Structure formats: C-alpha cells, structure tokens
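Undergrad: Sharing the record's features from TrEMBL:
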COMPBIAS  1-13  compositional bias 'Gly residues'
COMPBIAS  21-32  compositional bias 'Pro residues'
COMPBIAS  481-490  compositional bias 'Polar residues'
DOMAIN    82-477  domain 'Major facilitator superfamily (MFS) profile'
REGION    1-69  region 'Disordered'
REGION    481-503  region 'Disordered'
TRANSMEM  80-100  transmembrane segment
TRANSMEM  120-140  transmembrane segment
TRANSMEM  147-166  transmembrane segment
TRANSMEM  172-202  transmembrane segment
TRANSMEM  209-230  transmembrane segment
TRANSMEM  242-262  transmembrane segment
TRANSMEM  283-309  transmembrane segment
TRANSMEM  315-338  transmembrane segment
TRANSMEM  350-372  transmembrane segment
TRANSMEM  378-404  transmembrane segment
TRANSMEM  416-435  transmembrane segment
TRANSMEM  455-474  transmembrane segment
Amino acid sequence: MLSGGGRGAGAGVGRRAVPCRTPPCRTPPCRSPPRRPLRPWRSFPMGSRAADGAGSEQAAEDGVPEALGEESRRLTREQLFTMAATASINFSSMICYSILGPFFPSEAEKKGASNTVVGLIFGCFALVNFLTSLILGNYLTHIGAKFMFVAGMFVSGCVTILFGMLDKVPSGPMFIGLCFLVRAMDAIGFAAAMTASFSILAKAFPSNIATVLGSLEIFTGLGLVLGPPLGGFLYQSFGYEVPFITLGCVVLVLVPVNMCILPKYDSIPSKDSFWKLILLPKVLLLCLTIFSLSACLGFLDPTMSLFILKKFKLPAGYVGLVFLGLALSYSLSSPLLGLLSDKLPYLRKWLLVSGGLMTALCFFMLGPAPVLHIESQLWMFVLVLVLIGFSLGMSAIPVFPEILQCAYENGFEEGLSLLGLVSGLFNAMWSLGAFAGPTLGGLLNEKLGFEWASAIQGGWALLSGLATGIFYIIEATRRSSSSSLQNPPGNNEERTHLMGSET
C-alpha cells in the first residue's frame, strides 16, 4: 500500500482553519477540492489512496496537478499481487494447454483414436470454453471473482494430472470418452480462471488496462513457447505421465499462494445482461474481430507444422523453432501496443483496423497464395509469421478496453458485474474462433492445400478490418454532423454582437 495516509489523514494536516478573505489572496478554502468522477480510462488505479488524499491535497495547496499523475503511476501492494496472480494463471494455463502438441496425437492414435477424433478432442476444449465463459461471465458477481479464479486454477491442476493417467485406460471408446470428459473439465476450469482474471485486472487497473493486459501477454507467450519443448523433453525422458503430473502439481501449488495474495473485490450484481451488451452494433463488430483473430491463430495449429515438414524438409525438432517467430513477436510487441492504447486512446480504432488488414495480407502471403506465383522460402515464411504476431497484437490488445468504453457510453453501470460480462464475452468469442479456425482450416487444408487455405482463412481478418473501418468512418461522420447542428458557426458571432450592443 502506498504511504502518505488515507483520506482522513490528509483532511486536517497542513490546512488553515479559516480561509483568507482578502480579495487578492488566492489561498483555497479549507474544504477539499471536488474530486473527478470515476470515468473509465481516466480514473486512478484502484487502491491508490495516496493519489486520492495526499495527491489531491498537494494539488490543492501548491497548484501542482502533475502530482496526481506521479502518484497514480505508482503501484499499490494489491495491484502488484493482482499482477502476480494473473501472470501465474496466464503462464500455467498456456503451458498446460500447449504440452499436448508434440506427443498426444501419436499416443491417441495408439489408443484407437483417428486424426478426426483427435481434432474433435482439441475442438471440444474451445467449444466448452465458449459456453462456460458466457455463463460464468453473467454470474461473476454472484459467485465471486476471487473464488472463481482460485477454483478455476484448482480444477485445471487436477484435470492436468488426470490427463496424465489416461494411458492406463483401455483403448477404444472408453479412452476416447474419457479424453472428451477430461478435456471438457479442463475447459471449465480454464474459462473460470481467465474470465475472473480479466475482470479483476480491469477492476484493479481502470486507467491502464490495455497496458497491463499487454504486459501480461508476455507470460502467455512464454507458456506457449516453453510448453512444446518442455513437454517433449519430459515425455522422451520419463514417459507419458510425467509431463502432466509435473505441471499439474505446479498449478496446484499456485492455488494456496493465490488464495493468500489475491485481493478480494466485491461488487453489487447489476441488471445488465449479455444480450444488452452484445446487441450493441459496435460490440458486435468487436466480437467479429476477436473471432477472426482467434480463428486465424487456431488455423495454424493443425496445418502449419505439416506444411513446414513437407515444404522445407526440416527435421521435426526444428519445427518448434519456426513457431517462435510468431510467439515472440506477439509477446514482445504486446506491452508496447497496450501502452499506446492507454496513452493515446484515439489510436485504438486505427490499431484495430490496420491490424485486421495487416493480418489478412500476411495470411495471403503465408503460403503464399498461388495467384501470386511466388515460390515459398523459409526466410520469407518466418518473416511473415513475425508480422502475423505483431498484427495480431495490434487488433487483440485494444479490443477489451474498446468494448468497455462502448458499454460505458451506452449507460452500463460501472463495476465488477460489467467487467465480468465483458471478460466472459471476450473469452467466449475467442473460444468460438479457436473452435472454428482449426475445424474449417483443417478441412480447407485437406481439400485445397495450405496455400489456398491460409489465403481464405485471412478473409476473416479482412472482413473484420473492413467492417470496423467502415463503422468508425460512419461514427465519425455522425458525430461531426451532430456537433455542427448543435453548435452552428454563427452562434458565437451573433452572441458577441448582441453582448456588444447591450453594453
């Protein structure tokens, strides 16, 4: 907690009991200056009492409003603990999710599961995650954000360990059925933890949520990068069970740690609902953006490694290194893009539009598309992956604050209830894209080949970029026309002329 006292400590220290009544004197009266209304993206970070009390006092006495900005940039203990807890769930959930890639498909085939069934097992996670996020986001305030966060981590840890026991199950329908069941339970725990973490972060950092989300994406990228090589190493060294048991135990150890350090955020349930939020035209377009980004990213999971092995004749061990281009560029650029989104909010619309168009162009060049008659080369493939990681960050990072801003403008009540709706909606749309991307992409890859499939898949990003750009142009035109109608150009001149004639 920041030092400097709370509101009561700063109420009577250093103030005069009687205000100066001499006309030239500018000493302020003893009452506290009016506080700014708590508006999104302009308020102080939650828990910053020094910014509330001591900072206001200094601005009132010394006339230095910059002190508020200096105090608000300092993090409280609760904020640091909140960042540590959410960083742990980002890293642990992504590393548990990504360890399956190197060895689970081959193990599933040994147990009688076909490639189609393996794909459905992966898709089951995204589909259940979609449904769970919608439900839990609507009931976040009833369940409690901290309880949902910790319970989601506990379920994920237990289910990860259970996944390591599936090789003991007899082959055939029993193995396949338990795979679906365990994967669905994992999706429920993941959805609960991520929905709660998004809303907690938005509550703890109301003025710089995009910066914080962008910074924490570093841990998401680290989990995705370290998961496959770590899982492959543990699998080759110790067998099927050890990767899941090891990572599951790590997640379970983090559960009591987060129970101690994560602050509790209480909120009054709101009457607002998902339908009221999602039926807003701007929110619908932003949902399309989330879906398109997730679908494009999910398309690469089942198709890109096969294309690399076939096209460039690389050893299997080097395929993971090619994936690093996308993961590292996304992780390293996300903090910068989040900072820009918070410091310059008017740039969000440009980031969303340009990010969608750039993603579409990159997927068109990933193969590249046969109409370009360009021979695919490894260096160009890696370069396009780096650009895809950057363009995905351009669109993904500003979406959450943009949805919140739209909700505030349309009369939604501020509080944890709204944050739960927005975080649940974000996770649900992302999960829906994660289900549709691999499913449709795998079908297109089988029928048309990777080159055409990637170009067609980029059409989702192209559609969202164009639709968002058209919407922002129409919105800006309406605002300019309404402002010109409310304030005609001649009003000020006529008012000045009338005041002059009266004098």
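Quick reminder: no glycine exception, Cβ is built from N, Cα and C everywhere.
All TrEMBL annotations are machine predictions without curation.
Show me how these features fit into the shown structure, please.
TA: Away from its own ends, the transmembrane segment (80-100) comes close to residues 122, 125, 149, 152-153, 156, 160, 186, 190, 193-194, 197, 200-201, 204, 212, 215-217, 219-220, 222-224, 226-228, 230-231, 243-244, 247-248, 250-251, 254, 257-258, 261-263 of its chain (Cβ-Cβ under 8 Å, at least six residues beyond either end).
Remote same-chain residues near the transmembrane segment (172-202) are listed as 82-83, 85-86, 89-90, 93, 96-97, 108, 111-113, 117, 120-122, 124-129, 132-133, 136-137, 140, 145-146, 148-149, 151-156, 159-160, 162-163, 166, 209, 212-213, 216, 262, 265, 400, 404, 416, 419-420, 422-424, 426-427, 431 (criterion: CB distance under 8 Å, separation of at least six residues from the stretch ends).
Beyond the ends of the transmembrane segment (350-372), by six or more residues, the same chain brings 286, 289, 292-293, 296, 337, 340-341, 380-381, 384-385, 387-388, 390-399, 402, 450-452, 454-455, 457-459, 461-462, 464-466, 468-469, 472 to within a C-beta distance below 8 angstroms of the stretch.
Residues 40-41, 198, 202, 209-210, 213-214, 217, 282-283, 286, 289-290, 293, 296-297, 308, 312, 314, 322-323, 325-331, 333-334, 337-338, 341-342, 345, 347-349, 351-352, 354-356, 358-359, 362-363, 365-366, 368, 418-419, 422-423, 425-426, 461, 464-465 of the same chain sit 6 or more residues outside the transmembrane segment (378-404) yet have a Cβ under 8 Å from a Cβ within it.
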Undergrad: By a Cβ-Cβ criterion of under 8 Å, what residues six or more beyond either terminus of the transmembrane segment (315-338) are in contact with it?
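TA: Apart from its flanks, the transmembrane segment (315-338) reaches 102, 210-215, 217-218, 220-222, 224-225, 228-229, 232, 300, 304-305, 308-309, 351, 378, 381-383, 385-390, 392-394, 397-398.
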Undergrad: For the transmembrane segment (416-435), which partner among 147-166, 209-230, 242-262, 283-309, 455-474 gives the most CB pairs under 8 Å?
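TA: So the stretch in question is 283-309.
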Undergrad: Give the one range among 209-230, 242-262, 283-309, 455-474 whose Cβ atoms make the most pairs under 8 Å with those of the transmembrane segment (147-166).
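TA: Between the stretches 209-230, 242-262, 283-309, 455-474, 242-262 has the largest tally.
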Undergrad: For the transmembrane segment (209-230), could you work out the same-chain residues 6 or more beyond its ends whose Cβ comes under 8 Å from its Cβ atoms?
TA: 41, 83, 86-88, 90-99, 101-102, 198, 201-202, 243, 320, 323-324, 327-328, 330-332, 334-339, 341-342, 348, 393, 397-398, 400-401, 404
Undergrad: When you scan the chain for residues with a C-beta under 8 Å from the transmembrane segment (283-309), skipping those not six or more beyond its ends, what do you find?
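TA: For the transmembrane segment (283-309), the list is 101, 119, 122, 126, 277, 316, 319, 322-323, 326, 352, 356, 359, 363, 381, 388, 392, 395-396, 399, 402-403, 406-407, 425-426, 429-438, 440-442, 445, 450, 453-454, 457-458, 460-461, 463-464, 467-468, 471.
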Undergrad: Who are the chain neighbours of the transmembrane segment (242-262) in space, where the CB to CB distance is under 8 Å and they lie at least 6 residues beyond its ends?
TA: 81-82, 84-85, 88-89, 92, 95-96, 99, 146, 149-150, 153-154, 156-161, 163-164, 200, 230-231, 234-235
